[in-house]
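Swiss-Prot annotations:
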{"type": "SIGNAL", "residues": "1-28", "note": "signal peptide"}
{"type": "ACT_SITE", "residues": "37", "note": "active site, nucleophile"}
{"type": "CARBOHYD", "residues": "118", "note": "N-linked glycosylation site"}
{"type": "ACT_SITE", "residues": "327", "note": "active site"}
{"type": "ACT_SITE", "residues": "330", "note": "active site"}
{"type": "CARBOHYD", "residues": "355", "note": "N-linked glycosylation site"}
């Protein structure tokens, strides 16, 4: 009898130990990422799509020096935020390696090519549109519940830091994709912006209804200033006027929508990151940030290295830290570090109603 009791006690202890390994530590915080190629860290590698970053020289400055599916020479913004949190960057949701304790650290649902609208990026075929990313979020919650129970899952999701980056493709790869696009015939630009913002509000509200309580929402960058647009639309290196107009309409309305949404839910659940201004700082004065250029991409071909894809046959700069743009559309790791630093410590001009460092301090007190 005594031997049986001892065995039961040992079994109970083992179960307790295994369970404690699965339950996140009190100071750990899940990190959930949604959006497009600016934050995708490899989901599209698992899909039959042309929107991929799985070839050299992508990843040339990543710790492994190999392509990872990130549209960067090295780390991207989710990686840099994770670095600040002292955690591993969340894995792509489609990765078969995302399970058990890795699942409890969060997940990256982002997919290159998508937009707020489901008809954005149709030329890329098989991508994870934002509606599907939210379905995966619901699936993620079920998987986490299976590991730690529903109560602990709700605590994890409510306490998670969420990052969402959307909007640029709705202009570059939809409204302005071709002359007389379907959306440009349906809407004037101001009306299109209002429509896109209204659809984005539905996405963010759905995210809140699914349990997200700390959501960093980044705006678009200065879309007319990326090398791809300079190559197609610029005569003398000036930013493309129409896309800059789109950014100047979209971003202030996004901030106002987030303010209204916070008032609706009665908390500062949503944080607006003014990434347009963050980019313009180093685009307008690249030398002040240690760049030799903010017009020419490090990797590419044609004018401004802005034509086509970054491939093994492309022009490649020897020092990526001297270039604000890595490829025709995406910032270099160094530029991403500047943006991440503003997300962390930026003034109200950049982060509204507060920056990430303040969020982390406030949340640590609750």
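Glycine is no exception: its Cβ is also placed from the backbone N, Cα and C atoms.
Of the candidate recorded positions, 37, 118, 355, the one lying closest to residue 327 (active site) when CA atoms are compared is 37.
It is 15 Å from the Cα atom of residue 37 (active site, nucleophile) to that of residue 118 (N-linked glycosylation site). Cβ environment of residue 118 (N-linked glycosylation site): 129, 130, 131 lie under 8 Å away, each six or more residues apart in the same chain.
With respect to their backbone Cα atoms, residue 330 (active site) and residue 355 (N-linked glycosylation site) stand 23 Å from each other. In sequence order, 342, 343, 344, 345, 346, 347 are the residues of the chain that are 6 or more apart from residue 355 (N-linked glycosylation site) and have a CB within less than 8 Å of its CB. The Cβ of residue 327 (active site) has 29 other Cβ atoms within 10 Å, all protein chains considered.
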